[in-house]
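For reference, the structure is listed below as structure tokens.
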């Protein structure tokens, strides 16, 4: 390994967005140690994340990407850059959500921001990781930071419980994932890079000798299947797909709400990027078979997530099961497996970022003013805070896919890609479960919009009405306004978004590894 090549200027420019975040992270750490004043810490983190986002957008429109860096351990292409951009954007939106929450809950702001930036860095490196070691190190960077973020409310026993559950189940899933990596390493003859693993496996006699044959049909190497199942468990945990979702409701309910907002978008985006890269590169030999397995996982996620969400009484638990169902929708894009499918996944994730973070922003605001997240306690909110009730309604209806909101157009393109790839069962399931989701989303909207004063909940009766919510200088309400606008109008710009995404992937040869 040549040190000069490893730390060349070209390599450093490749990870310039990550370098910006590292500088911001160290700056926050030094300021906290020296002055203990946290006035500018959020602004520094937000500036760093926005700067990284703009750099990534510039790289996305630059046709000279589509290569590997750091001796082949980091892949640079349009797909990678788009997902890294989604991560920085979601983290940037989480900072306004957290400012007031941190002050009220007694959390340490510097600690929260450092962990958030570290988790973002781990997710960004994970999106571009091109060898097994880089994948695992990046995944653990994201995971360990997420475990600590979940337990940030140290005085809240629910947060401590959520952090412990997340740690135990996350550690178990990581162990299974590494076991799958060990099978790939052995089957390939000691290769680490993903493309070399495929070549190594196909050239080994063990691949043919361990093939499973049923009725004359070859089902690939048994060892390769073991690796696939282990990797599916690890990635399924990360994206909250059934049946690897058990941690999601408890962790979402117990963790600080700004942390949950990040986990629902950032962690899912990084996991989907990893799943797409691994499945499309490493397992082409058993593609027909793993498609069947992934179709079952997507089907169960959509059905189970929406049915259980309809029975929830807590807003955060409802959004947790909603997140599980969203994972099922997004798996359709991986199964499509072409530029249209990947473009639909990125576009829907962009829309999902705004509408989901908008819903969590409303949950944060209502929780700070009332101290509850029970759905029944939202009854009559429109009479006290019309703007908050309207904003939450827009975000929830967009999540349900109601036209003409952005969520409708995102799902429409996603399902259209699935239909074109003959995934009829999943498309029908997605349509039916989207209708089911209307029930529990509209239940919240109906409760908020009631005009009967006598039906107003006790918490809403004591609700302190803000003076000018829409034009408030509060960072969380400014962030909420941005999310509501994006959830409302982003769908009208679907064609330009899709064209840019598809073009960047085709130009950068994402589909040719």
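Using N, Cα and C of the backbone, Cβ positions are placed for all residues, glycine too.
Noted in Swiss-Prot for the protein shown:
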- 11-31: transmembrane segment (TRANSMEM)
- 38-58: transmembrane segment (TRANSMEM)
- 112-132: transmembrane segment (TRANSMEM)
- 133-153: transmembrane segment (TRANSMEM)
- 167-187: transmembrane segment (TRANSMEM)
- 256-276: transmembrane segment (TRANSMEM)
- 290-310: transmembrane segment (TRANSMEM)
- 318-338: transmembrane segment (TRANSMEM)
- 348-368: transmembrane segment (TRANSMEM)
- 389-409: transmembrane segment (TRANSMEM)
- 422-442: transmembrane segment (TRANSMEM)
- 478-498: transmembrane segment (TRANSMEM)
Worksheet entry | Segment-segment contact (the transmembrane segment (112-132); the transmembrane segment (11-31)) at 3 or more Cβ pairs under 8 Å | yes
Discussion item. For the transmembrane segment (11-31), give me same-chain residues lying six or more residues beyond its boundaries with a C-beta closer than 8 angstroms to one of its C-beta atoms, as numbers and ranges.
Written reply: 5, 37, 40-41, 44-45, 47-49, 51-53, 55-56, 59, 69-70, 74, 76, 84, 88, 110, 113-114, 117-118, 120-121, 124-125
Worksheet item: Hey, which bits of the same chain come close to the transmembrane segment (348-368), Cβ under 8 Å, at least six residues off its ends?
Response: 83, 86, 89-90, 93-94, 96-97, 100-101, 104, 257-258, 260-261, 264-265, 268-269, 272, 315-316, 319, 323, 326, 329-330, 333, 378, 381, 388, 391-392, 394-396, 398-399, 405-407, 409-411, 413-414, 476-477, 479-480, 482-484, 486-487, 490-491, 497
